[in-house]
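Worksheet: one structure, shown below.
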Amino acid sequence: MTERKTSHPSSVVVLDHPLVQHKLTRLRQKATSTAGFRRLTRELSLLMAYEATRDLPLEAVEIETPLEHTQGHLLSGKKLCLVSILRAGNGILDGMLDLVPAARVGHIGLFRDPATLEPVEYYMKLPEDIGERVCIVVDPMLATGHSAAAAIDRLKRAGARQLVFVCLLAAPEGVAFLSKAHPDVKIVTCSIDRELDDHGYIRPGLGDAGDRLFGTK
Ligand SMILES: O=P(O)(O)OC[C@H]1O[C@H](OP(=O)(O)OP(=O)(O)O)[C@H](O)[C@@H]1O
Ligand SMILES: O=c1cc[nH]c(=O)[nH]1
Ligand SMILES: [Mg+2]
């Protein structure tokens, strides 16, 4: 996986791998159906999970292959928690759970007030031992960054210490806001787009991720 490390802070990783960019372009197209949008989101989630889990610690183990004794590496006891920002986050969550089926899952329900662009909380349920887990927070869109920062505020209040934020698309404004609010949180994204428009939509973007995933518009 190639990382582009040019004009953004070191804690932001943009996945410029050809497979990622191909699938992202298909995802952006307005002609892509709901079924296609879901399938592409799932496939991109697997590729993003590859990067988001890069720093998970390994421990050496002794194993027997059919031919000899050797040393291998398994994920250490450090446990994982995937946290979905409802509702669009569930599109990414589903794909990531294919790769890490034993992960615990937290949900934070937030919607963005269309007038103020401020997040409104309507639900939160997290594993009790969240403080002992590496948290991968997923939401397709990082627009103003307010929803992501609010979710991470809540996770830190609940005890989370090691967090990664994963999104399909980010606006420069959202990256700046989240990096300032939570400089310790690595951001993994498939693209940093040009700008936010007057309604807080990412341009060129992909439209409303929740509506496209769930066919609500
Ligand atoms: O960075 P921000 O400006 O806060 O915007 C991003 C948020 O907006 C979208 O959610 P939305 O409010 O549309 O809710 P939904 O997932 O229920 O569609 C998106 O999934 C993020 O959660
Ligand atoms: O472009 C955007 C911005 C916020 N939420 C979305 O779903 N799309
Ligand atoms: Mg939405």
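From the backbone N, Cα and C atoms, a Cβ is placed for every residue, glycine too.
What TrEMBL says about a protein is an automatic prediction, not a curated fact.
Listed features, source TrEMBL:
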BINDING   Arg87, Arg112, Asp139, Pro140, Met141, Leu142, Ala143, Thr144, Gly145, His146, Ser147, Asp208  5-phospho-alpha-D-ribose 1-diphosphate binding site
BINDING   Ile202, Gly207, Asp208, Ala209  uracil binding site
DOMAIN    14-216  domain 'Phosphoribosyltransferase'
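Overlay of TrEMBL annotations on the structure.
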{"residue": "Arg87", "record": "5-phospho-alpha-D-ribose 1-diphosphate binding site", "CB count, 10 Å": "19"}
{"residue": "Asp139", "record": "5-phospho-alpha-D-ribose 1-diphosphate binding site", "CB count, 10 Å": "28"}
{"residue": "Met141", "record": "5-phospho-alpha-D-ribose 1-diphosphate binding site", "CB count, 10 Å": "28"}
{"residue": "Ala143", "record": "5-phospho-alpha-D-ribose 1-diphosphate binding site", "CB count, 10 Å": "26"}
{"residue": "Gly145", "record": "5-phospho-alpha-D-ribose 1-diphosphate binding site", "CB count, 10 Å": "25"}
{"residue": "Ser147", "record": "5-phospho-alpha-D-ribose 1-diphosphate binding site", "CB count, 10 Å": "26"}
{"residue": "Ile202", "record": "uracil binding site", "CB count, 10 Å": "28"}
{"residue": "Gly207", "record": "uracil binding site", "CB count, 10 Å": "16"}
{"residue": "Asp208", "record": "uracil binding site", "CB count, 10 Å": "15"}
{"residue": "Ala209", "record": "uracil binding site", "CB count, 10 Å": "25"}
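Listed in sequence order, the binding-site residues among Arg87, Ile202, Gly207 whose CB lies under 6 angstroms from an atom of ligand 1 come out as Arg87. Candidate binding-site residues: Arg87, Asp139, Gly145, Ser147, Ile202, Asp208. Those with a Cβ under 6 Å from ligand 2, in sequence order, are Ile202, Asp208. Within 10 Å (C-alpha to C-alpha) of Ile202 (uracil binding site) lies none of the binding-site residues Arg87, Asp139, Gly145, Ser147. With Arg87, Arg112, Asp139, Pro140, Met141, Leu142, Ala143, Thr144, Gly145, His146, Ser147, Asp208 listed as the residues that bind 5-phospho-alpha-D-ribose 1-diphosphate, the site has a largest C-alpha separation of 17 Å. Annotation note: Ala209 (uracil binding site) sits in a helical segment as assigned by DSSP. Taking the C-alpha positions, the distance from Asp139 (5-phospho-alpha-D-ribose 1-diphosphate binding site) to Asp208 (uracil binding site) comes to 12 Å.
Secondary structure from DSSP puts Ala143 (5-phospho-alpha-D-ribose 1-diphosphate binding site) in coil. What surrounds the uracil site, by Cβ distance within 8 Å of the Cβ centroid and not counting Ile202, Gly207, Asp208, Ala209, is the set Pro140, Met141, Leu169, Tyr201, Gly205, Leu206, Gly210, Asp211, Arg212 from the same chain. Of Arg87, Met141, Ala143, Gly145, Ser147, all annotated as binding-site residues, the residue with the shortest Cα distance to Ala209 (uracil binding site) is Met141. Proximity to ligand 3 at the level of Cβ atoms, with a cut-off under 6 angstroms, picks out Asp208 from the binding-site residues Arg87, Asp139, Gly145, Ile202, Asp208.
DSSP assigns Ile202 (uracil binding site) to a strand segment in the three-state reduction. On a Cα basis, Gly145 (5-phospho-alpha-D-ribose 1-diphosphate binding site) lies 16 Å away from Gly207 (uracil binding site). This prediction places the mean pLDDT of the domain 'Phosphoribosyltransferase' (14-216) at 96.
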